[in-house]
């Protein structure tokens, strides 16, 4: 694979295809070590957790220096709020990337594709590198791409549910039809889920809860790093056929008869 | 994880929990490089492929020297034939390990648990390190363990089918109830399947077709190495809960309101 | 269950919870007999198949007289076209019901939720009984309900794919959160899929391809009738627990010991 | 379908393909009504529940008169005990049918295929109509058939777990390869599971817990009756193809253009 297989988001290149979050960790120190163990190069955090007036508690101090920041608009309930958060983040020096999260439903925390699209249009036009988080829907994804999104982030299953890639059929269609990278976000609860997303052809995955809520987040971060690499390598190497019947690895030849 | 998490089979210790096969490769050279790329330490081969009279073509010459050999009894249709093959293998210097494969059904290539148990009893009593390949069945697995098997190898789905861990429920029961290691064998078609087996608590997996039949077996071998490590690390690190609803990684606080 | 468990769409009541289509049948006669065998009370047909100038070929002549018609806007690529078709259908005497289908993607035939919502708003305001066909998305479904839809019809998997209820998680959320009936449409390939949708709590299902493309559509229509009734009855009767372990139906008591 | 599609077990013919149990009901009266609602013609009961000395409490008094009895050997931990129970049942006038259940594992209640086979051999030779309950394993099923079993009853998932047909792959192989009827037993928790078993080609299903543990067992019994009929009719009518992409029921023709 070597250094040629990189994730491209706009004009940025990344060696790691695992994006991680910063929520739900027991403390900032475990968070920092988990981020390092994951080999990630892009870390998302809710802007509200960036306490600009209290640098001691500022989550940014615990994110390794070489990371690309992906501030998210968690807390936004409509496009307008998302746009406002994105601008505060850029002004605060978090860079040009932004993950749009617009959630009006507080029970399942499902994204609002329509408001997300509106925010994507505005922010992309203002030079942001926009990564919209969305319900997997082909038409909405096409609109996001047309609006200038640098990637599209469909949910595998509801945030924090750890149920895996439930919407496989819809996500595979996005992978087939959308030209910007598909990054599976939300619902990935196990390394096997991350590997499966990559085997399907996702260009990256974002994992937070599954790492942070593990008994050993640092080792779990390492597990996800391996799983994403496994899935990506397998996707590039291509699979053999799935067969209805068995097919012997070591077929019967006349061995026993010959030896007699 | 370090050097303490090792696979133990009898009194042997292994750092890698991926066992690989030698069938179906395009040529011996690709096989050798794939074995190396997999980081495996145990390689299975059908004894009939060990051409004792023609050393040039002997598959053993292409298996890296530091490997533990796991000759299998592929081709055996009953206990007696399996026992005979095992003894030829040991006499030929392949060591004490043997994977018992007794297959009378030539369509689905499903193992015969009863004949396999008979061969396991005899060979374990003669000092072999026996690894029986079997249909996932708790009672039969208990008998194999009692007979002295060093591990039990249930099939995930029919050999070469690449359909993954179809018999999850039955395999999980073996993992819970059998004390010797459970090694999932057959049917593993993708790295995500291997990771899933390890996450369930299997102690190792055996993969052949999925690597050998890939367009790029060497890279696919590497992918499986990563996947097995991912699944094992995750199993040891323990998972958070699976939830019915969403659960925010970055919950809404008064952020937007405060900033106004 | 009796006559109290009826499907309500607006002010109409239906005893059958199976809606069927009229496409893909070998001929009109088999279609008619299949509709009758299904016990359905509501039949959908593409308006383009209603040849108003050639009464002989008019599909309407082959739909049993007691059926409620559900003209659909198949062929519409945006809200405007859907609205136009709906109005032609009503003017032609097809009644007030309309299923909105707006499909711009000709490969996967996935609905365009945004255009569908626009058509729903307009037509509901004009007194139509609107049933929008949609990608399963909670926010979009809430908007459809707010716009006056009499039911919401999420797809189980792509039209004609026969792959079943792939989007179970998202559909279950719609069932929990939307007050108008959820009718699962598209992708139902087997009676077990229809039963599963009903067991989840869908209020009805729409089936076309699975009946019409069967070798024996008339008997298959009867099979779906039974399956929908089975799933509905089961939903109303409520399920026992799903258990991780076994639980004996006939537990061991001292029987054998006593008899000795 | 008519009167030609009957389940044949030995020389007995049955119109219903749903077998039901008698355990776990709240009381005998609900049990009786549930049996009647199910349209079953064959009822299984643990012999230990047949209190021969206390006719009032005797479960047999609550089984409708026209039923074929299928006494089971629940409680047996080996072949010998199963044989003994079967003989007591026949002597007590329960008829020639017997379901062999040999369970030594008290945690998962999984059958012991080897002891079951021994009991099958003995009892079939003595003229019993033997239906062995088993772990799904092709070789063991072939042996049971050879021993004279009138049907083979693989488990879908552990007894009482309600998890459905987990072992689909193995059961489909039995359906393809075994000539006597395959009756799926254990684990069927919902009508959709029963329909699925029948669609796969099972000749019948046995359901107990899912009916008895429902909030409304009588209606649930009716639901299973419908589901089994649905699955059987569908199997006989044959399915259309499963497709990767969508396939329009009402394809776009020039309709809108023509009408302009």
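Here the Cβ of each residue, glycine as well, is placed from N, Cα and C on the backbone.
TrEMBL does not curate its annotations; it predicts them automatically.
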Hey, TrEMBL has 1-deoxy-D-xylulose 5-phosphate bound by A:186, A:187, A:208, A:209. Any idea which of A:127, A:148, A:160, A:240 it lists too?
A:160
In whole Å, how far is residue A:99 (active site, schiff-base intermediate with DXP) from residue A:208 (1-deoxy-D-xylulose 5-phosphate binding site) when you measure between their Cα atoms?
14
Give me the largest Cα to Cα distance among A:160, A:186, A:187, A:208, A:209, the residues the record lists as binding 1-deoxy-D-xylulose 5-phosphate, in Å as a whole number.
9
Listed in sequence order, residues with CB under 8 A of residue A:99 (active site, schiff-base intermediate with DXP) and six or more positions away:
A:44, A:70, A:71, A:72, A:73, A:131, A:132, A:133, A:153
Give me the count of other Cβ atoms within 10 A of the Cβ belonging to residue A:160 (1-deoxy-D-xylulose 5-phosphate binding site).
26
Let's check the environment of residue A:209 (1-deoxy-D-xylulose 5-phosphate binding site): how many other CB atoms sit within 10 Å of its CB?
24
I want to check the contact list for residue A:186 (1-deoxy-D-xylulose 5-phosphate binding site): same chain, sequence separation of six or more, C-beta distance under 8 angstroms. What comes out?
A:133, A:155, A:156, A:157, A:158, A:159, A:160, A:161, A:206
For a quick check of packing: other C-beta atoms within 10 Å of the C-beta of residue A:208 (1-deoxy-D-xylulose 5-phosphate binding site), how many?
25
Just to be sure I understand the packing, how many Cβ atoms besides its own are within 10 Å of the Cβ of residue A:187 (1-deoxy-D-xylulose 5-phosphate binding site)?
27
